[in-house]
Structure formats: structure tokens, C-alpha cells
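What TrEMBL lists as domain 'MARVEL' is 40-167. Residues or ranges marked as transmembrane segment in TrEMBL: 44-65, 77-98, 114-133, 140-163.
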Amino acid sequence: MTERAAATAVSASVSTGAVSNPLPSPEHPACSTLVYDARFLRSAPAIFIFAELVVLLIAFLCVHCSSLWTDYSAYRFFEVVTLWFHITFLIFLIMHILQLQSKLSCINWTMTEFLHYIIGASLTFIASTVAAVKSYGLSSLVAGSVFGFIATSLLVISMWFSYKVTYGQPTTSINV
């Protein structure tokens, strides 16, 4: 539509008092309700992701709310690792629930998730070990490192689920 035709259409609707509705009607396909995968919410990987989110948040809060830090850089590293992977896995959870990975097919999401689980488990284990060594018996720092180790074990389990999805079940027989 040219600018002149658009201006004519606007002036005609203004002069007649007709108000055009730029939004489609509720029956229009673009106005469909939010689609989410309810089956995923009841699956084991979703339960582990929820558990990871809760445990990582508790680990972060235990260390962040501690009034006494024995080693500033070690606990900042712990905070960065736990908060970063909390946000990352929250994004993955939202993507699974809303089925966004099927709309963004240019990225191999199963491999991306698998690599994030490997990196997350490794860095969470390192950060929890450092936090445990540097805690010197302070209860909130010890609790943060314990929750970090729990998060590490949950990440390893989720990594196993992701591995099974990414690479499938290994074959035990040879077909000739």
C-alpha cells in the first residue's frame, strides 16, 4: 500500500468516525492461548530441573546471607556459579515448558543442554569444594557448600537424562 493510499484510508476512517480494530478477534489463530507442555512438567527431567533450581537458590542464599566470609574470592566464585546455573536452568525449563526449542531449530538444544549440565556439574563441584575448604566451621557457609554438593549430584543425574536423550541407548549386540 502506498503512502497516499494509506493516508486516504486513514482520513476516510477518521472523517466517517469508523474505528478500525488493529487487533485480531479472539477466534483468530494468532490469539490462541499460551501453549505449554503439561506432560513435561510431570516427567522425571522436569522434577530434577525444579529440584536443581531450588537447591541452587538455597546454596546461593546460604552463602550470600552469611555475615562472615573467610575468603572473599572463593565465596564470590561460589555465588557466581550457583546463580549463573540457576538462571541458565530456569531458561531451559521455560524453553521446555513452552516448547521453544522446536521454534528455534538452528541450535542443537539437546547437545547444548548436555554441555551445560557437564559444565554446571564441574563448576558447581569445584565451587562447593572450595567453599567447604574455606568455611572454617561457619554454619551458613557449610550449609551452602552442602547444598552445592547436592546440586552437583542433581546435575549429574540430569546430565545422565540428557545423555540418554542426546545419544540414545547404547546397543549391546552387533548386527551382521
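Backbone N, Cα and C define each Cβ position, glycine as well.
Here the domain 'MARVEL' (40-167) has, by DSSP, the following mix of helix, strand and coil residues: 107 helix, 0 strand, 21 coil. Counting same-chain residues at least six beyond the ends of the transmembrane segment (114-133), those with a Cβ under 8 angstroms from any Cβ of the stretch are 56, 59, 63, 74-75, 77-78, 81-82, 85, 88-89, 92, 141-142, 144-146, 148-149, 151-152, 155-156, 158-159, 162-163, 165-166.
Averaged across the domain 'MARVEL' (40-167), the predicted model reaches a pLDDT of 89.
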